[in-house]
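Pulled from TrEMBL:
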type     : residues  : note
DOMAIN   : B:15-207  : domain 'ABC transmembrane type-1'
TRANSMEM : B:15-39   : transmembrane segment
TRANSMEM : B:60-80   : transmembrane segment
TRANSMEM : B:86-104  : transmembrane segment
TRANSMEM : B:124-142 : transmembrane segment
TRANSMEM : B:148-174 : transmembrane segment
TRANSMEM : B:186-206 : transmembrane segment
Amino acid sequence: MSSVLYDVPGPRAIARNRILGVITVLVVLAILGFIVWRLWDTGQFSAEKWDAFTYSNVWLQIALATGRTLAAFAVAAVGALALGFALAIGRLSDHPWLRGPIGAVVEVLRAVPVLVFMFLLYYGLPVLGIRMEPFWAVVIALIAYNGSVLAEVIRAGVESLPRGQSEAGYAIGLRKAAVMRLVLLPQAIRAMMPVIIAQLVVTLKDTALGYIITYQELLFYARYIGSQSTYGSPIVPATIVVGAIYIALCLILSFVANRVERRLRRTAKLGKGVAPADDAMTATRAVAVQAGLDDPEPRR
Amino acid sequence: MGIITDNLDLWSSTLLGTLVLFVAGGLLALVLGTLVGAMRVSPIPVARAVGTFYVNTIRNTPLTLVFFAFAFALPPLLGLRLTGDVSLTLAICALGIYTATYVAETIRSGINTVPVGQAEAARALGLTFGQVMTLVVLPQAFRSVIPPMMSVFIALLKNTTVAAGFSVVNLGSIRSYLSERGENQFVAILWVMVVFVVLVLLLSWAQRALENRWKVAR
């Protein structure tokens, strides 16, 4: 194994690496040990601290809170994708009067922190007489922010395509909308799929911001149960439980992202490998190749 | 404009709070992130595993949850009394630990952009490990790291507002103070947005300037 940073280790380097490995293990064990000691010392492992989590009603509430987190995520994800496509197409428009303003909107939405946008919707709009549930404040803010980020991602995907793609589309008589819909977007989405799903993970993580504007999601419930003195104020166990749920949800989504990415790549290869259309093209291509207009390698 | 000129004390103290969170959190993230990034590219398998675990876990944790753990779960564990300074320190730690994962990934991918042939050529010339690093690898890695690193810091700047939910004074929390003084919250939040757009524009401008100056000519 060779890396840009180091050579294949010799005997002395192997010995040194072993020592460094042992030191790493010791440091990690020391940190873990300190945390466990503090947990133990403050009685977090005692039965009464975990008493709250023996009631099925508490778990039912946790399940409902998880449902609210996922509901906000689902609506925000669908909305952000829709808004992302709309803004991306707007930014790619040929008309300056459309491209300019939409570009400005995207830049502003990307620059404003999501939480401040939620504040604007939840605390600011009532001044103008518009009241909304915390759910909608969370969802709309997430749609606005992630939609604008996705718009940039999709635009970058379209602009990274070779210009021949759209020119070929126009050459066979497609109009602007059809070139976008049939030629450019499918390729851009495939190229940008990993980034798009990574942004959806960000959306899921950002639903936790709803806690701050009193949306009753997982953290909100953890705070509530953690302050119940009848259960011995189990804030630490509640944080552990809710944190585990949150991290598990995000890890599952990241895992799905990886699978989708691998799958898309595989099917993309398959499609190219089979490509019966290529054979049908050979008659026309042969002329072009003979005339020196095209290279004999099949274009992928 | 009255909402700013009449409350200059609030605006300056909250802006200062945001900048303190940004600078201190950024420094902590740089130190910790460089350490973790170095662990992730090191020849020691244990260190690589620890670095990967840290990055994967924290990157899949909402920042609000990190803040939550630091603000509510950690004080009882360590027996801290929540004063303003303690809250600020905890918020800086939360921001630093969260952002460090992004710094580590940026550094790792920056080092990976340097072709292996560069280091091999340097070694073939007989340069020592220190010379290979300081003269050949790190200068190139540093240059390709600058633009994504600035994006990480732009995200950090926006993330400082999350501290507003955990009683740390910053631009995100000015809304509640202004509404106590009977100001229009809607206008106040719009001004906060303007401040953030300006700050982000400044950072993007710095990003572009640095990028042009330190572009890798390949």
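Cβ atoms are placed via backbone N, Cα and C, with glycine included.
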Cβ-based contact of the transmembrane segment (B:86-104) with the transmembrane segment (B:60-80), 3 or more pairs under 8 Å: yes
Spatial neighbours of the transmembrane segment (B:15-39) far in sequence, C-beta under 8 Å, 6+ residues away: 47-48, 50-51, 54-55, 88, 91-93, 95-108, 111, 152-153, 156-157, 160-161, 163, 168-173, 195
Contacting positions for the transmembrane segment (B:186-206) when only residues 6+ beyond its ends and CB under 8 Å are counted: 3-4, 15, 150, 153-154, 157-158, 171-172, 174-175, 178-179
